[in-house]
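Feature annotations, courtesy of TrEMBL:
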type     : residues  : note
DOMAIN   : 119-207   : domain 'Ig-like'
DOMAIN   : 212-302   : domain 'Ig-like'
DOMAIN   : 400-489   : domain 'Ig-like'
DOMAIN   : 496-592   : domain 'Fibronectin type-III'
DOMAIN   : 597-693   : domain 'Fibronectin type-III'
DOMAIN   : 698-796   : domain 'Fibronectin type-III'
DOMAIN   : 898-997   : domain 'Fibronectin type-III'
DOMAIN   : 1002-1100 : domain 'Fibronectin type-III'
DOMAIN   : 1206-1300 : domain 'Fibronectin type-III'
DOMAIN   : 1407-1525 : domain 'Fibronectin type-III'
DOMAIN   : 1530-1626 : domain 'Fibronectin type-III'
DOMAIN   : 1627-1725 : domain 'Fibronectin type-III'
TRANSMEM : 1834-1857 : transmembrane segment
REGION   : 1901-1923 : region 'Disordered'
REGION   : 1938-1970 : region 'Disordered'
COMPBIAS : 1950-1961 : compositional bias 'Acidic residues'
Amino acid sequence: MGALLQRRSEVQVAYMGDFTDADERRVVSEGRAAVLSLPPISSCPRPQVTWFRDGHKIIPSSRIAITLENQLVILAAAASDAGAYYVQAVNERNGENKTSPPVHLSIARDTGMPEAVAPVIVVPPSNRSVVAGSSETTLECIANARPAEELSVTWKRNGVRVTTGLHGFGRRLTISNPTSSDTGVYICEAALPGSAFEPARARAFLSIIEPPYFIAEPKSRILAEVEENVDIVCEAMGVPPPALQWFKDAISINKLQNPRYQVLAGGGLRVRQLRPEDSGIFQCLASNAGGEVQTHTYLDVTNVAPAFTQLPVDTTVTDGTTAVLRCEVSGAPRPAIVWSRGSHILASGSVRIPRFMLLESGGLQIAPVSIQDAGSYTCHAANSEGSLDASATLTVWNRTSIVTPPEDLVVIKGTTATLHCGATHDPRISLRYVWKKDNVVIAPSSSSRVVVEKDGSLLISQTWSGDIGDYTCGVISEGGNDSRTARLEVIELPHSPQNLVASLNPAHSHAVVLSWVRPFDGNSPVLYYIVELSENNSPWKVHLSDVGPEMTGVTVRGLTPARTYQFRVCAVNQVGKGQYSAETSRLMLPEEPPSAPPKNIVASGRTNQSIMVQWQPPPEPEHNGVLRGYILRYRLAGLPGEYQQRNISSPEVSYCLVTELIIWTQYEIQVAAYNGAGLGVFSRAVTEYTLQGVPTAPPQNVQVEAVNSTTIQFLWNPPPQQFINGINQGYKLLAWPDDVPEAVTVVTIAPDFHGVHHGYITNLKKFTAYFTSVLCFTTPGDGPPSTPQLIRTHEDKPGAVGHLSFTEILDTSLKVSWQEPLEKNGIITGYQVSWEVYGQSTSRLTLTLNSSTHEYKIQGLSSLTTYTIDVAAVTAAGAGVPTSSTISSGVPPELPGAPSNLVISNISPRSATLQFRPGYDGKTAISRWIVQGQVGAIGDEEEWVTLCEEENEPDAQMLEIPDLTPYTHYRFRMRQANVVGAGPFSQSSRVIQTLQAPPDVAPTSITVRTASETSLRLRWVPLPDSQYNGNPESVGYRIKYWCPDLPSAVLTQVISDRLEREFTVEGLEEWTEYELQMQAFNAIGAGPWSAAVRGRTRESVPSAAPENVSAEAVSSTQILLTWASVPEPDQNGLILGYKILFRAKDLDPEPRSHVVRGNHTQSALLAGLGKFVLYELQVLAFTRIGNGVPSVPPILERTKDDAPGPPVRLVFPEVRLTSVRIVWQPPEEPNGIILGYQIAYRLASSSPNTFTTVEVGATVRQFTATELAPESAYVFRLSAKTRQGWGEPLEATVITTEKRERPAPPRELQVPQADVTARSLCLRWVPGSDGASPIRYFTLQLRELPRGQWQTYSSSISHEATACVVERLRPFTSYKLRLKATNDIGDSDFSAETEAVTTLQDVPGEPPRSVSVTPRTTSSVLIQWQPPRDESLNGLLQGYRIYYRELEYEAAPATESKTLKTPSALRAELTAQSSFKTVNSSSTETTYELTHLKKYRRYEVVLTAYNVIGEGPASAPVEVFVGEAAPAQAPQRVHVNPLTASQLEVAWEPPPPESQNGIIQGYKIYYWEADSQNDTEKMRVLFLPETTAKLKNLTSHTKYLVSISAFNAAGDGPRSEPQPGCTHQAAPGTPSFLAFSEITSTTLNVSWGEPVAANGVLQGYRVVYEPLAPVQGVSKVVTVDVKGNWPRWLKVRDLTKGVTYFFRVQARTIAYGPELQANVTAGPAEGSPGSPRDVSVTKSTSELTLHWTEGRAGRTPTTGYVIEARPSDEGLWDMFAKDIPRGATAYTVSLDQLRQGVTYEFRVVAVNQAGYGEPSSPSAAVSAQVETPFYEQWWFLLVMALSSLLVILLVVFSLLLHGQSKKYRNCGTGKSISNTEESVTLDNGGFAALELNSRHLNVKNTFSKKNGTRSPPRPSPGGLHYSDEDLCNKYNGAALTESGALQEKPGDATESEVTDSESEDAPPQHSFVNHYLSDPTYYNSWKRRAGTAPHRYEAVAGAEAGPAPRAVVTTQSAVFAPAARGARTPLTGFSSFV
C-alpha cells in the first residue's frame, strides 16, 4: 500500500551538564544596577533556577528582580549588596541539581554620585511572537533609579496605558489568551515621580502567529495508468505563509531525486510518465512557526499478484527478548501483509498493537516477548491480483533473572550477615547459584558459619573482619544468566586509645596537656574523641565531647587550681563509643590566689559612725584553693589617703561592721578573698556614707530684736560646717513666753548659704516677754539651741473695754461704766470717754480719766436727746478701739426687737451670707448680732445651736456665716443685743444645703493584719455621715500600698461602698512588707491620706522552681543533679531545703523523693538507681509552709549501661531423646541494649569447663540443641550481652527424655507473723513434684481483701527459691496469696490460698485536711479540720495532736520596723518552745478550742493525726491573730413592723454583754423576700450602736425575713433567727397579657393575664373599650369592672362590623394599677369565607331546623359553621351553636331550649383558618311557642282555678306574710345590686331629656340566661330599672353585684351602636338553656332633637366574682362574668352549648 509520515513528535531526553568552574567577579558603582547573568549550563529541559547569596535564598523585592532569563538584577546597588552570589539549578525531570561557582559582586563607592539617580532601563522588553490561542505571554522591563523604592514602571500599548496583567512590582506584563487584537508596540516607561529626571522608555513588538491550514487538498485515491502524467494538488495558508513539502511513502521527494517528480508553483506535485513503482502514498506537509498540517493521497498505478520471497520459520526465544518472524513478499500493487495468530490480527498496514510491529520487509517483530506470545503465527499477503498464507511457530522460555539482588551491607562484628539473591526462571529449565567473594567462588564447607540457602541467600554468622569484601551472586541457567554484586563491611567498636599521658601546661596554669596513640577504628572511621575528667575524686564527667578524629592530643583548659584531676579518653565511631583508655595518674594543679573578688557587695550606713558591709563569696570555681578569709579595706572617698584594713579570718563570715568612722562621711570600700596562695583581687569599690548626725554646735552671733508688737527679728550665722554633721536642712526659730515656757512657737527657716541668716516670728502676743533661741537641724534631728535671750514685744494700742453699760439715766445726766480691756497690749495709762449728740460730731466732748477709774457720770446733757458715747483705754501707744453705744437722755434703754426678712445667698461649702432687716434697737445701739441654726435635722423640735456672733457692727444688715459643714442642711434664725441684753429670735429662714467639698479627714483606727500569703486585711472606722461633705452615694475610700524595701510602683484600690470597714488587698508578693494609706473621697475630690501603716504577708511556698537544673549520669546506678537557687522574689520565705522528685519513665507510676536539707547545698547524688533506665527528674524548694513548684520541664537522664542481668522464664518446651528446644525471655534488668545471647550446654556429668557455646542475635528467643545423648542430664547456661560485656548467666538442667508432665502446685504456704511489716511480708512454701521436668520459675499472685482481684506480683521467682518477700503493700490491709510452679511442660495449678494476712499499721500517710483557725473569743481560737482520707490512715486513727506557738515578730506594733527571726520549720523545733496539746478523741472529732492565749499575739498552729504507731506528717502551718473576736451571740428580741408599702421598721436589743467580745461598733441587717433569699438578699450596715432601723425601697405586699448580726473590730457575729414582716399593699402592675378570640362581626372574647407584680390581694379588674373612630357620629366608651381575680375574660357583644376598637385593662388591689392596651378589629377577617346563602327555618311540633347553602370559599377551605341567634326581647346577635362540621347544611334545635313566647332570628357564619366570615342574611323570625296540650287549655285551667281558688288564696296570704320577711334575705345571699343608669346631654342649649321605658318579665327555664339589650334604630336617652324579684326569680338566689353607668363625654358621636359584653363560665349540662342566664329585658327610647351636636357616651359596668354565673347590665351592653374560683371553667371565649 505504502507508508505515511505521522505528525512530528518531539522526544526529549533529560540531562544536565555542569557549570563552568571559573569564578566571576563583578564591580558595580554604588547606585547603579548590578545584572548577574546565569552562568552557562546545558540542560534539558530548561532548569529551575534559584539565586543565593552567602547561603541565603534571594527573594525578589522592590529592589531585587530575577528576569525571565534567570538574570539577577540588583537595583540601586549599595555597599550591603556586596557578597558572593551563586545559582542552584534543578532539572525537574531527572531531579539533578547543580550549584554554580560564585559570582563575587563588589560595590564601588562613587563619592560624586548624587543621592538621586535618573531612571535607566536595565533589561528592556524583547519582541515576542506567540501562537494565537496560547495561554499567555509575558513582556519584561526592569529599570534602575535611586531611590529604587520610589521608581514607577508603567506600560502602554499603541499609546494607551495598560493597567491589567501587571505584576512583579510592575516589571512584568502578562497578556492572557493573546489574539490578533493584542498585536502592537508595547512601551515600558520608568519614572521617578516628583523628580526632574526624564522618564526612561523601551519598546517591544508583539506579533501573533496563525498555524497553517489547507485550501486545496488531493483526493484520497488517484487511479492512473502507466506512462500517464498526474497532477496532485495541495495549497495551504497561514501567518507567516507555510512551506510545503512532499513525501512518497514517508520519504521526501527531495531525497528520491526522481526527475519525473516536479513541484508546481502553486504547491502541487506533478508525476510524469507513471511507472508501477510510482504506486504509493503521496503526502503533502505544510508548516510554519505556528505548527504543521498534512494531507495525502494514494496513487494506484499497476496490478501484480503477490509471491513469497522468504517464508516464515519456527523460532525459539527467551521471555523479555525480541522475536522476529520473517515474511518477504513481492507484487504490484505492493501486497498488503497481515500477521495473525488464530483469528486475531496482530499487525498490518492499518492495525498496530503494542509490542507487535510490521517490519518494512514484511516480517513481524515482537518486542518484548512474553510467555503468552508462544504459538502459531500466520503471514497473509494480498493485493488486487491475489493472496497467499504461510505460518511459523514461536516458542518462548521464561527468562532467568535476579529479582532480589544483594545489597551493600554493614554489620557489626559478631552478628549475622544475610545477603539475599532471589531469581525467577522457567520451570522447564534448572538454575544454579554461584557466590563469589572478591571474584573467588565460595565453596560452603562443613562449617555452618557460611550457608547458601535454597532461595539463594548467603548467611554468614559470627561475622568478623575476614568477611569484609565484595560478594557476587551469579545465577546460571538455559533461560539466561544473571549476576549482582554487593559489598559487605564488618565494623566494631573502636579500641581504647593507648599511652594516655597528662602533664601540666607550663604556659597556662589552668590547663593540662593530654596525648595518646590513635587506636584501631573498628573498620568505621573515628567520628570524634570524648575526654572525661574526675575532679577531686568526683564522678566522671565529660569535659570535651567533640575532639576531632585527626587529633592525638588536646589541651584541657578551664581547670581549677588546687584541685586534683584524672583523665580518660574514648573514641566514638558509627557503632558507638569504644572502651575508655586507662585512667591517667592523679594530677594536682597548684593553688593560686582567688581569681575573682567577692560578689554582691552591699554597704549601708548603720549609724553616724559605722557602716555595715556584706558580701557573698567568690564563685566556687574561682576560689583556686581553700578560702582562709577576707580582707576589707576602706578609705575616705575621693581622697588619696591610705587604706584602712580589716582582716576577717573566717571564710564563713560574710559581713563586717566597720566602726569608728567619721560622721556623715563618704567612704569607698573594697573586699578581697585570700587562700593559702595569697590575696585575690579586690572587688570594685562601693561607696557609702555614714549616717547623718545632729549638729553639735548652735548657730553663732545670734541677735534678737522686737520689730513691733507681734514680731521678733532674728539675725545669726550658721554653725561651723564641720559641726553640722550632715546636710543642713534649715533652722528653727524658737520663742516662748516667760510665764508659759511650754508654749513654744517654732518657725522653720530654710538654709540660706549667702551672708547672714535672718528670720521672723510673727503673730506673737503684744507687749509680752519672750525667751528666744535658734538651732540648726539635719535629718536625724535638731542640734543644740543658742543661748536663750529675753526680749519683749512692743507696746500697742489696747483692745476694746468690756461690758459697757449705763445707769442712773436722768434728763441731764447718766452714769457710764466699763471694765478694763482683756487685751491690754501695754500699760493702761487711763481711759478716754467721749460723747456727742447723735450725728453731730461738732458737739463731741472728750474726757481722759486715770487707769483706776472704771465709771463716770456725764452731766450737762440735754433732755430727751440721743447721744453717742464712746469709751476707749489708753496706753503709751495711744487710745485703743473705742466701745460705742447710743442712748437717749431721760429714756432708759430696752431690750431690742427681732430682726426680720432673713435672706440667704452666696452659699458655698463652708459659708453663707445672711441678709436681714434689723429690728427695734431698744433705744440704744446694737452691740452684738447672734446667729443660730439647725444643723442636719430640721424641725420644730430640733435643737438650735449658735453658729456665729458679730460685735461692734450696730448698723449691720448682712453677716457672713463661717465654719459651716459641706453638703449639710441648715435653717437659720438670729437675734440682736444691746447694752440691756439680747432680744427675741427672728423667724426661721428657708432651709438651705451647703455645697459639696472633699472630705476633711481620713478614715481612723486603721489596722492591718496578715490575711494570707498574698493578701493583707485592712480595717478602719468609716467616716460618719457628718464628715462625708458630699452626696453619700459618691463617698468611697481609696487604699494606696507599696513595698518600701523594693523599687515597686505604688498601687491603689478603690472601695466604692462608704459603709465598708474592711478590705482585703489581694495579689501581693509573699513574705513581703508593705506600707498602706487610706483616704476618703466623694464626687468633688479626695480627702487627706491617713498615716501609713505596715503589714507583712505570710510566708508561703516558693512560687518558682530552682533554676538551671541539670543532671548527669555518673555511673549505671548514680545520677548527679545540680541546680541554682530560687530567684529571690519567688522564694516567699526562708528556703529550708530542696526535694528531688525522680521516677523511672514509663515504669514508676509515682515519683520518689530525695530531700536535701539546708539552702546552701545545691547538688545531690542519687544512688541506687536502675541500670540503663531513663529517669524523669525535677527539683523543688520548700519552706516551712510546704513544697514549692517543681522545675519544668522534667530533666530526662539515663543511667549508664552495665552488664545485663540473667534472662528469665527459661523453659524447654520440646525435649526429645537427642535434642531440646530452649525458650527464654529478655532479662528483667537488661541494663543496656541487648546485643545478643550466648547458649552454653554440657553433660551434667562432664567437666564444668567443657561447654558447647553458641551465640545468637538480640532478637532470637529460642534455640534448638541437637546431637544430644538420650536419657541424659544436660546443664544449660544462658547469658545476655550489652556493650559492657556478658551478664550473669541463668543455669538450668534438662533431661533428654520424653516422659514429662506438668508440675504439682507448691504446698504448705505460710506467712510467719514475724515476717510481716506494715508494707511487706515474707511468703514461704514447699515445692511440689516437678513432673520429671525441672521447675523453671514460680508465679506469685495476691489479692487485697475483701473485694480485690487477683494480681500477679511476680512471674519470675527463681526455681530454687522457697521464700519470697512481697513488698509495696498497703499498711493495715488484709491479703491472701497463692503460688504456682512452671516447668517445661506448662503451669501447675495454683496452690491453696493462704490464710488472710494483715499488714501492720503505719503512721498516717497524710495530715488532717482543710485546717482552719478562727478567733473564738479574745483569748481563744477554734480549730476545725477534716480527717485524712481513709486510704491514708494506715491503721486505726486514735486522735490528733495540735502544736501551736506564738510568733514573736508579731509582738511589735504594726508600724515599727522589726527584725524577723527565722521561723522554725520542723515540728521538733516547735515542740521545744511551744505549748503542746493532744486531742485524744475518736476520729470523728474535728474541732477543738484553744484557750488562755495571749491577747494581741499571732499564733501558728499545725495538726497531726496519730495512731498506735506514731504521728503522721504535719499540716501546713495556719496563722491566726488572737485578741480580736467577733461577737459570740446574735442581737436579741428582734421585732419587725410594717410602716408603708415599701418600708419596715426593725427593732432589737444588743447581744448579752458577756458575748460581745469588745465594743459593738454597729449592726448588719440582712433582709430578703421570704420565697427567694438567694436572689433578693440585701444588707444594711449601721455603724452606730443604735437598736432601731427603717428598711426602705421594699416590694409591696411582700413577706420579708429579717436577720441581724452585731459586729466589732474583729468581725461579724452570728445572725439572729430570721423574723418575718410584711409590707402594706400597693397598686398592682400591668396585666401580663391581653388577648382576643372568637372575633365575629359583632362579638369577641377578650382575656388577660394576672399581673406579674400583684403588690397585694387582687380585688378585680377594669376593662375599658371604645372605637378608635366614631361610629355613625357617636364615640362611646364602655367601662366594665370585674370583681375578683378569676376568671380573667369577658365576652363583648355590641361591636360594629369592621370597626377597630381600643381595649384597656387594669388590675386593682387597694387602687388601680397601670393599663395594658391593645387594638382589635371586628370581623369578618381577611381571607375568611363568604356568607352562607339561602338560610331558612322549618318548624315542627317540638323542634326547629335551620337550612343553608355553602357560600363563597375564603383563602383556605371552610372548617365549620357557627349559628348566631337574635331573640326578639333582646335585639342582639349572640352565638347560638358552634363547631358545626363543614359539610353540614342543616342544624336542628329543640324548642325546649328556647324561651316560650319569644321570636328568634337566625343567621349562619362560615369559619376557616383565617377566622369567622361574613354572616348570612337573617332567617325569617320564628316563634318559640309550643302547641299547648289539653291540660293547658284555658277552659281546663279555668276549672282548675275556680276549684282551687279558696285554697290558693289561703296559701298566698300565708306566703305573703312569711315572704315579706324573707324576700331580701333570699337575695342577700349575693351582693347588693345597684341600678344602672344612662344619662345623655344633648347640645340643644337646654337640659337633657331622659326617657326610660322599663318592663319586667317573668322568665322560665328557656333561652333566658343571657343579658340582652335591644336598641332602636335611633338612640335616645334612657335608663334602666329592674326589681329584686326579677333577679331572685331568675338567678335562683345567686349572689350578684352589677353596676354600670352611661356617662356623657364630648365626642363626634351622632349615633349609638349596640354594645354587649359577656364573661362566661363552664355551662351546666343537658340543655341549651343552661348555657345562658337572662337579665331583665329593657327597652331604651332615644330621642334626638334637631340641631344637636355630636356627643360621646361612656358606659360603665361592674361585675364581681360569685358562686354562679351572673350578668352585668347596661343600657347598651351586657357583660357576663364567670363563676367563682372552683367552678369548671371553659376555654377563653367559650359561649356555645355544643
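Think of each number as a place in line: the chain as shown, counted from 1.
Even glycines carry a Cβ here, placed using N, Cα and C.
Each residue in the domain 'Ig-like' (119-207) gets a DSSP state, and the totals come to 6 helix, 51 strand, 32 coil.
Assigned with DSSP, the residues of the domain 'Fibronectin type-III' (1530-1626) fall into helix, strand and coil as follows: 7 helix, 46 strand, 44 coil. In the domain 'Fibronectin type-III' (1627-1725), the DSSP tally of helix, strand and coil residues is 0 helix, 48 strand, 51 coil. DSSP states for the domain 'Ig-like' (212-302), grouped as helix (H, G, I), strand (E, B) and coil, give 7 helix, 49 strand, 35 coil. Note: the stretches the domain 'Fibronectin type-III' (1002-1100) and the domain 'Ig-like' (212-302) are not in contact (fewer than 3 CB pairs below 8 A, sequence gap of 6 or more). Taking residue pairs at least 6 apart in sequence, the domain 'Fibronectin type-III' (496-592) and the domain 'Ig-like' (400-489) share three or more C-beta contacts under 8 angstroms. Restricting the average to the domain 'Fibronectin type-III' (698-796) gives a pLDDT of 92. Taken through DSSP, the domain 'Ig-like' (400-489) splits into 3 helix, 46 strand, 41 coil.
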